[in-house]
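Below is one structure; the comments refer to it alone.
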Amino acid sequence: MAAFTIAAGTGNWFSALALGVTLLKCLLIPTYHSTDFEVHRNWLAITHSLPISQWYYEATSEWTLDYPPFFAWFEYILSHVAKYFDQEMLNVRNLNYSSSRTLLFQRFSVIFMDVLFVYAVHECCKCIDGKKVGKELTEKPKFILSVLLLWNFGLLIVDHIHFQYNGFLFGLMLLSIARLFQKRHMEGAFLFAVLLHFKHIYLYVAPAYGVYLLRSYCFTANKPDGSIRWNSFSFVRVISLGLVVFLVSALSLGPFLALNQLPQVFSRLFPFKRGLCHAYWAPNFWALYNALDKVLSVIGLKLKFLDPNNIPKASMTSGLVQQFQHTVLPSVTPLATLICTLIAILPSIFCLWFKPQGPRGFLRCLTLCALSSFMFGWHVHEKAILLAILPMSLLSVQKAGDASIFLILTTTGHYSLFPLLFTAPELPIKILLMLLFTIYSVSSLKTLFRKEKPLFNWMETFYLLGLGPLEVCCEFVFPFTSWKVKYPFLPLLLTSVYCAVGITYAWFKLYVSVLIDPPVGKTKKQ
């Protein structure tokens with residue numbers, strides 16, 4: 001506390017937070033890393049060793065390049081630094097290659113690229129109003145938001161243990177959000193267009209960006225009741241936005257269009273031959289759907305309503321990424337998930353257009369788009385929950401209702417990431433880091449909104465506390481039971497289904513809040 005007081009006096013508290021988390025990331029360098037470590041090493045090798053015409057065809061490794069072109073060029077640039085660490089990591093045929101220098105380079109490349117994330121967080125903090133300013137530094141919304149973002153548990157374990165470059169990518173997203181809050185719409189649109197060509201998962205939130213920019217930038221004025229002044233439409237602004245998107249897309253996809261390789265690129269970006277769910281079910285609607293199908297199939301077999309010979313042998317929790325057929329419930333197709341996702345997103349888009357609430361309304365719509373896509377998307381990864389958690393962090397320090405939803409979403413979503421770290425040495429690390437982050441989040445937001453009603457009701461409290469017994473059962477009891485051999489994936493199933501309940505609840509609660517909130521009823525020049 002004394003350190004923070006000193007930092008506050010010199011105006012360097014943000015730098016202290018950023019430096020502290022950077023040191024923690026350095027301490028995590030020797031920890032376990034997933035197959036994503038090899039994925040990115042292979043992409044370094046592909047982009048460094050092969051001409052651009054072969055990037056999206058190369059298949060020596062099973063970890064083929066399946067990110068958009070800007071990320072491929074990003075790996076290309078990194079590879080020219082990597083060669084000074086260990087040239088062998090850039091050999092396409094050196095599958096599963098790892099050395100101490102390779103480890104250091106890849107780990108430090110993630111840490112270094114997080115500089116953009118730190119800057120984006122700093123810009124986001126400028127967008128938070130100071131209405132709720134406590135006497136103590138640690139009670140200020142900007143300080144709390146800085147900790148919630150910079151020290152986000154999910155980002156720490158996914159990027160700096162599991163291994164990915166999400167911090168860099170989320171930095172682009174947060175910076176684009178900050179620019180929209182600052183009414184620098186063209187910059188925000190440019191940054192988001194660039195982000196889409198780094199990682200296409202951000203298409204999930206593209207509807208929120210498109211509608212908000214059209215509503216608040218292309219229409220330059222509202223009526224006193226908040227509705228649009230149709231005669232304020234600016235063709236120049238629409239053309240400007242379209243030109244930005246076109247130029248960014250041309251720069252990204254142009255070379256592959258010239259090579260007549262766009263179909264091949266898109267086949268890598270959108271691999272619909274993969275199954276409905278990942279090997280570990282993301283905690284979404286389909287996890288509940290799959291679990292219900294399992295229960296019904298077991299009941300059907302017990303009551304002899306089902307013929308064992310007609311039940312598909314492939315298990316949905318076999319640990320393999322594969323297509324499968326449901327036993328009792330109708331099997332789900334990519335088209336069905338697309339329709340469900342669009343239906344889930346539409347009400348939030350409707351509210352953004354007809355019930356404008358300024359940048360805060362945009363942020364809530366963005367979060368709902370991310371959550372709806374997570375809930376109903378095809379082959380969703382559990383890590384995608386961060387796409388909703390991080391923007392929700394900005395909302396959590398502004399209103400008590402959003403803080404409550406954030407705490408439920410972030411606690412449940414973060415716990416759902418536990419199966420990513422399944423090795424014994426990382427068990428105390430993930431438990432300790434999550435406990436620290438969760439305790440801080442709950443205590444700081446309760447202090448911030450102490451004059452308002454409690455953030456949780458008894459049911460929500462009971463559910464969140466239930467994560468403790470679930471972890472004890474999965475990590476400390478189950479391994480010593482006979483079920484470990486017969487039902488090896490039961491802990492994953494229980495974790496997925498339990499967390500799916502909490503995330504679904506948070507999604508529903510946020511949706512209700514958005515639907516019942518009144519629009520901002522005053523004319524505002526955008």
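Placed from the backbone N, Cα and C atoms, the Cβ positions cover glycine too.
Your range for transmembrane segment, going by TrEMBL and the list 163-180, 361-378, is 361-378. For the transmembrane segment (461-483), the residues of the chain that approach it from at least six positions outside its boundaries are 407-408, 411-412, 415, 418, 427, 431, 490-491, 494-495, 498, 501-502, 505, judged by C-beta separation under 8 angstroms. Of the recorded ranges 104-122, 143-158, 188-214, 234-259, 361-378, the transmembrane segment (489-508) has the largest number of C-beta contacts under 8 angstroms with 361-378.
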